[in-house]
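Here is what Swiss-Prot says about this protein:
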BINDING   LEU113, GLY117, HIS118, LEU119, SER363, ALA364, PHE365  (6S)-5,6,7,8-tetrahydrofolate binding site
MOD_RES   LYS222  N6-(pyridoxal phosphate)lysine
SITE      HIS221  site 'Plays an important role in substrate specificity'
Amino acid sequence: MKRDDLIFDIIEKEHQRQLKGIELIASENFVSDQVMQAMGSCLTNKYAEGYPGKRYYGGCEVVDQSEQIAIDRLKQIFGAEWANVQPHSGAQANAAVFLAVLNPGDKFMGLNLAHGGHLSHGSLVNTSGIIYTPCEYNLNKETGRVDYDQMEEIALREKPKMIIGGGSAYSREWDYKRMREIADKVGAILMIDMAHPAGLIAAGLLDNPVKYAHIVTSTTHKTLRGPRGGVIMMGKDFPNPWGKKTPKGEIKMMSQLLDSAVFPGIQGGPLEHVIAAKAVAFGECLQPEYKEYQTQVKKNAAVLAQALIDRGFTIVSGGTDNHSMLVDLRTKYPDLTGKVAEKALVAADITVNKNMVPFDSRSAFQTSGIRLGTPAITTRGAKEDLMLEIAEMIETVLSNVDNEEVIAQVRARVNETMKKYPIFAY
């Protein structure tokens, strides 16, 4: 076959973009060479519908081994009794939990998307909000933190069948214990989506929801620093509370419902090359350098947030406990939208994403905020001193969004600075 130079030239362009720029998108990271090698391996050739030891195809005895290693390592990292590593993404993992727990039209609670929630937690344009009935809880307007008292009031009033914790733009620790107490009061299943802070949790730097929640989902990229994919876990398996039975009349365990929801519920064949890459990444999580890396992620985020605050920016909730922060632009730049801010920063090779902020008057296409995170830049070896420089460059760009000369100067500075940092330092 002739080499597809068109696509490989594009891949090289993307490689150069990643090398030259400062990556601050909170959900992005750089994986190790061995994770990429597993992703590009011959395992991509193998169909393996089903689970290890119970497949619908022959010749699965080898991929059974790699998938079982992924399961065992994931359980070891988070102290889970049961895990499923087959979901193709975090949203797929969430969809599988919905399928296992809810019937169409059933009510559930999730964090308001504009307050830092996620599309798959009840957005009306997502299957979670189309098939099921969402109700929202919010951040406290004064503190910018989850209002657990309001959450309890809403739960007692609405009686949801499931309560979801976790989000895509929330920089504070979650009170999983309080959430479990609320869920137990109303007889709800507590599902925690820890996609964003999973790596920090794996390193023991944030509280572990597996100890409290009925079910935990996550992506395997972001802070966890693996290939793009999803997982589902339970700290302890339990009989399903709705009395669903096997053909033999035995009460099904929750793990059986979840396994069936993933396959054949929402997926067919698993991506065994991705699962092998997940296993490699989980192995990296168990190495001592991983905790060093995650500790630096947290330090860098705290320093970047404070440096921005010192320059007059508003950070929702006043700071960060994890890898991310949500910058409310309205205080410092009342007329600047997140869309324009993102475009200007990207032009300077500082990659961020526009994001709605709590009580935002602008649409999701314009927004009044930008979301920042430190996982990717920390993987490259950045320390606190670079965070101070980044805060300065962000302010320079956002104060000159229409000045192409200033943006070009910042871009040149970014490109020169990043020559000192390899793509993967930890």
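A Cβ is built for glycine as well, from the same backbone N, Cα and C atoms used for every other residue.
Remember, it's a predicted structure, so these values are computed and weren't measured experimentally.
Same-chain residues at least 6 positions away in sequence with a Cβ under 8 Å from that of HIS118 ((6S)-5,6,7,8-tetrahydrofolate binding site) are, in sequence order, ASN94, GLY110, LEU111, GLY166, GLY167, SER168, ASP193, ALA195. The two recorded residues LEU119 ((6S)-5,6,7,8-tetrahydrofolate binding site) and HIS221 (site 'Plays an important role in substrate specificity') have their Cα atoms spaced 17 Å from each other. Here HIS221 (site 'Plays an important role in substrate specificity') is positioned 28 angstrom away from SER363 ((6S)-5,6,7,8-tetrahydrofolate binding site), judged by their C-alpha atoms. The Cβ neighbour count for GLY117 ((6S)-5,6,7,8-tetrahydrofolate binding site), using a 10 Å radius over every protein chain in view, is 26. Note: the CA-CA distance between ALA364 ((6S)-5,6,7,8-tetrahydrofolate binding site) and LYS222 (N6-(pyridoxal phosphate)lysine) rounds to 22 Å. Using a 10 Å Cβ-Cβ cutoff, PHE365 ((6S)-5,6,7,8-tetrahydrofolate binding site) registers 10 neighbours. In this structure the alpha carbons, written CA, of HIS221 (site 'Plays an important role in substrate specificity') and GLY117 ((6S)-5,6,7,8-tetrahydrofolate binding site) are 18 Å apart. Shown in sequence order, ALA26, SER27, GLU28, ASN29, ALA195, HIS196, ALA198, GLY199, PRO375 are the residues of the chain, 6+ apart in sequence, with a C-beta less than 8 angstroms from the C-beta of LYS222 (N6-(pyridoxal phosphate)lysine).
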